[in-house]
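Okay, so here's the structure we're looking at.
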Amino acid sequence: MAGLAPEGSQFDARQYDAKMTELLGTEQQEFFTSYDEVYESFDAMGLQENLLRGIYAYGFEKPSAIQQRGIVPFCKGLDVIQQAQSGTGKTATFCSGILQQLDYSLVECQALVLAPTRELAQQIEKVMRALGDYLGVKVHACVGGTSVREDQRILQSGVHVVVGTPGRVFDMLRRQSLRPDNIKMFVLDEADEMLSRGFKDQIYDIFQLLPPKIQVGVFSATMPPEALEITRKFMNKPVRILVKRDELTLEGIKQFYVNVDKEEWKLETLCDLYETLAITQSVIFVNTRRKVDWLTDKMRGRDHTVSATHGDMDQNTRDIIMREFRSGSSRVLITTDLLARGIDVQQVSLVINYDLPTQPENYLHRIGHSGRFGRKGVSINFVTKDDERMLFDIQKFYNVVIEELPANVADLL
């Protein structure tokens, strides 16, 4: 049935085990390392002083659920599979694990992180650089749409960590500009998304070029069967860290829907909302690039300052737009799912799904941004007759109830 979550997409330990049993048969018992320690504070994790300084300077106070369980096993050099949604602090989990283990006197690539999109790779590069600020870490993002020669120059001058998209990273390995000899940590972020974008072969090709003894981390919001296959091929007795299904609520985010009889009436509904609410910063999601342009024109025509990004724009333009949005000079960003995972703006208090996503999984990536690390956020979904089924699927998929938008919505923001 169209619109329903694909089987095995929401991470469920029982389902995962059943799938692994199917793949591994009787070896399954020996496959995982059990690790149950939970660390309530960053100070208790035994991290280097300068890494802690970076963590606190970045604004983290208390570790999130995934950080409490995930940082230490990674620091110990264990293979880890971690399942957590966007906005839970998983990027900082593997960044901390990598930064703790680097040999800073050796200016060679020691850690390789793969991500599905340029935006996400650049986001990870930023977090890594900020957390490693007091350690003097050298990080570089190798992504498509940028100068190959510039990549080669930076890699040859020496870096500790490379973050990138599979295509460009493989290219750099093939050209021998990125030398794999000292790489000891390999992380796949948003593994589900990389696989669904058809990067499987490239990931396998990259893995073949890495040293045989390597620590592997797989991070994924969902776990489709292909991700399990990677787990089995690449990993050695991984520690499995689940933020359990009931913790995978979209905690701290109030979710509402607005019934809109006709598609044409969404614009009026949107403008009414902006007139009644004092919104600091908001992101509006639509499903097509053309609609991004259309809605941007309509909003500007009504004197709203809005920014827009989508996949047809070149990288440079997108970077400039995201910078404006982050700095607050533009308060509204209109975009598509493609960029949902690369948006990390701490002040976003409202996400509007002008169009509901076409798959339930993407709902989490969109609205996970409005409630980062315990900040309260609000998401409002515009629902036409045709969307009712998808709204139902989303509620079922995440086990949430999305209520009709109350009249006093202004008090919630």
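For all residues, glycine too, the Cβ spot is worked out from N, Cα and C.
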Residues flagged as motif 'Q motif' in Swiss-Prot, choosing from 11-39, 40-68, 243-271
40-68
Matching 189-192, 289-292, 357-360 to Swiss-Prot annotations, motif 'DEAD box' lands on 189-192
Relative to the Cβ position of Ala84 (ATP binding site), how many further Cβ atoms are located within 10 Å?
26
Between Gly89, Lys90, Thr91, which of the binding-site residues has its C-beta surrounded by the fewest other C-beta atoms within 10 Å?
Gly89
When DSSP states are grouped into helix, strand and coil, how many residues of the motif 'DEAD box' (189-192) land in each?
2 helix, 0 strand, 2 coil
Could you tell me the mean pLDDT the prediction assigns to the motif 'DEAD box' (189-192)?
89
Per DSSP (helix/strand/coil reduction), Lys90 (ATP binding site) sits in helix
